[in-house]
Amino acid sequence: MNSLLKISCVILILVAAAVEKLEAGGNLEWTILKYVNPGGKISNGQICEWYGPCDHVFTFGLDDVNGDDNPLTTPLLTKKTSAFNNEDTNTFTSGADNHGVFNPIIYPFTFWKGGIRLKVSVVDDDSVFGFSPDYVDGLVYKLVAKPSASYLSAVSVSTVMGIRTKLYFTYRVYCDANYYGDDCAKNCVGHDDSLNGHYSCDSFGNKVCLKGWENEGNNCKDRQNDCETNNCQNGALCIDGIRSYTCQCKPGYTDKYCDTNINECLSGPCQNGGACIDGVNDYTCMCQQPYVGKNCAKTACTVSSPCKNGGSCYGDSKCLCPSNFVGDFCEIPLCNKTGCLNGGKCSLDGSCMCPPGVRGFTCDVVLCDFTGGFCLNGGICTNGRCECPNEFAGATCGENIVCKYTRCQNEGQCRSVVTNTSTSYEPKCFCPSGFSGAYCEIVPQLDVVKYNNTLSYVSVPDELNKRPFTPLEILFIFFIVMTFVLFIICIVLSVLLCKARKSLSRNNKKKVLKSVTSVTSDCSSTSDVFSEPGRSTVNSSTTSSHNDTFKTSENFSISNTVTSSVLPNIYSSTLEDRAQVNKIFDDCTYSRLNDEEIGFGECLKKGVVENEVNSDSAQILDA
């Protein structure tokens with residue numbers, strides 16, 4: 001039944017194709033415009049009618065392009081009009097019936113041979129009088145043309161046929177829809193279905209497969225693999241579709257063609273200050289100490305817990321060990337390092353298991369058999385007495401002879417050690433953790449570290465203390481030193497300047513005293529000369545006052561000539577005037593000794609004006 005149905009479908013398809021082939025091809029469109037018969041004559045040159053114009057009857061026909069020139073041979077098509085009465089020139093109307101013939105004349109063809117012959121036969125109708133028609137003219141036109149692709153693209157060509165009489169007409173040749181080629185015989189109908197195929201037609205009637213389909217020979221029924229030419233990148237998988245494809249990206253890539261790397265760092269996965277570095281479908285966190293892990297969310301201690309035997313992890317996987325274990329991870333029992341004495345054995349907890357009669361952390365204490373007694377420091381119990389090594393003494397060998405005068409600091413323990421000669425012992429201080437020096441006198445710098453909510457102290461390495469000075473610190477130290485140096489220089493200069501001024505003052509005083517002494521001696525030798533008329537001598541008080549006046553002059557010298565000319569005037573003045581002169585003289589001398597800027601002469605003149613000294617005294621001071 002199914003086979004019969006398939007055969008029936010195939011037959012129907014073939015029949016439909018055959019019918020489609022017969023139905024179409026192309027068309028010739030022949031439009032008659034006008035016919036002109038000059039003078040209204042028939043073929044022999046006579047007029048059609050003696051009484052009026054011709055009565056034309058037209059027979060239009062078509063013949064093969066290779067046919068003859070007989071206008072009456074029209075095997076392809078024949079159209080005949082009725083008579084056009086009393087008209088030597090006949091005009092045809094397009095798109096209408098013209099005396100029994102529709103204008104234009106349409107000739108459908110199935111195969112265009114490149115051309116066709118147009119034939120027209122014209123007669124004068126005399127049937128009204130019972131006569132046969134008269135032959136007017138026969139016209140033949142060989143039309144050669146290439147058909148247009150469609151009706152809309154066809155162009156009408158105007159031309160004329162005939163010699164004596166003329167027929168004016170236009171024509172155009174075009175292929176029907178879905179027919180192509182110069183012969184309009186190539187049929188192509190586009191389809192987009194599974195039954196007929198998936199194709200369109202080009203301007204030549206060739207099948208063109210639609211996007212996503214291929215194999216024109218099979219009506220483009222074969223599905224095209226769009227992934228053969230795809231733009232998928234970075235190893236993406238191409239998935240073929242209908243007229244398209246899809247790129248299935250690998251992890252870490254996105255966008256239509258998988259050409260964009262997904263930035264996994266945008267979500268901020270790194271914690272505790274870790275720096276994120278993007279990768280392909282991955283990221284890497286550069287963790288800050290002491291954090292580790294994919295996202296820097298854990299410390300090294302929480303990840304691996306490397307410390308054994310009860311050790312506490314801190315920082316970058318460092319271990320703080322209990323007292324009976326040592327090693328980077330507290331994995332070594334202390335007794336394995338120190339050893340057990342007197343037959344003791346090291347246990348798993350790091351302590352020594354001593355045999356009977358022996359005690360101590362390293363089984364170094366041997367119990368003696370007397371009551372409450374035991375031998376220390378390797379002493380051997382013999383007959384109830386301790387036989388001590390050379391460096392120890394006492395009933396229980398507890399007295400270290402070598403360490404007797406050695407005092408270890410900071411809870412260091414003194415022990416006697418064998419010298420290089422192996423014949424004697426010398427004291428040595430064994431320091432607690434972190435302390436150093438011959439007597440454990442070097443104290444470590446401590447840093448506080450928190451382990452399991454308990455504060456402990458960890459010695460800071462010496463390398464951390466060996467830090468060079470920064471440029472700012474060096475500049476500050478230089479400033480302090482230079483300030484101190486400048487201060488010392490200022491003090492020294494001040495002392496030297498003060499000494500110089502004192503020395504200069506002393507020298508000036510000596511010079512003035514020397515000059516004054518010379519003047520007073522001259523005055524004493526001539527005192528008798530200055531007695532006034534009517535006055536026998538100058539009293540002693542006057543002389544004393546005169547001498548005092550010159551004793552106060554410590555900063556200038558007075559020549560003997562000047563003194564001799566001045567002194568008579570002094571003694572000729574009153575006592576009040578002389579006292580006033582002495583005061584002015586003393587004041588100016590004091591000003592001179594104290595290095596004031598005013599000159600000695602100017603000082604005397606100023607004193608005269610200010611104290612209203614009389615003319616005689618002023619003359620003395622001017623001199």
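Yeah, the Cβs are placed from backbone N, Cα and C, and that goes for glycine too.
The compositional bias 'Low complexity' annotation in TrEMBL covers 522-545.
The feature disulfide bond is assigned by TrEMBL to C175-C184 (among others). When Cβ atoms from all protein chains are considered, those within 10 Å of C175 (disulfide bond) total 28, not counting its own.
Classification of C258 (disulfide bond) by DSSP places it in coil, neither helical nor stranded. What TrEMBL records for C249-C258 (among others) is disulfide bond.
Taken from TrEMBL, the feature disulfide bond covers C287-C296 (among others). The DSSP secondary structure for C287 (disulfide bond) is coil. Around the Cβ of C287 (disulfide bond), a 10 Å sphere holds 22 further Cβ atoms from the protein chains shown.
C363 (disulfide bond) falls within neither a helix nor a strand when secondary structure is assigned with DSSP, and so counts as coil. Around C363 (disulfide bond), the same-chain residues six or more apart in sequence whose CB sits under 8 Å from its CB are C340, L341, N342, G343, G344, C352, C354, P355, listed in sequence order. Here TrEMBL flags C354-C363 (among others) as disulfide bond.
Under DSSP, C431 (disulfide bond) is assigned to coil, being neither helix nor strand in the three-state scheme. Close to C431 (disulfide bond) in the fold, though at least 6 residues off in sequence, lie C408, N410, G412, G437, C440, each with a CB less than 8 Å from its CB. Per TrEMBL, the feature disulfide bond maps to C431-C440 (among others).
Residues or ranges marked as domain 'DSL' in TrEMBL: 173-218.
Counting residues 6+ beyond its ends, the transmembrane segment (474-498) has no Cβ neighbours under 8 Å in the same chain. The transmembrane segment annotation in TrEMBL covers 474-498.
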C-alpha spacing of C175 (disulfide bond) relative to C287 (disulfide bond), in angstrom: 81
Candidate nearest C249 (disulfide bond) in space, where candidates are the disulfide-bonded residues C175, C184, C296 and distance is Cα-Cα: C296
Inter-residue C-alpha distance, C184 (disulfide bond) and C258 (disulfide bond) (nearest angstrom): 50
Residue, out of the disulfide-bonded residues C184, C249, C258, C296, whose Cβ gathers the largest set of other Cβ atoms within 10 Å: C184
For the domain 'DSL' (173-218), the mean pLDDT of the predicted model: 90
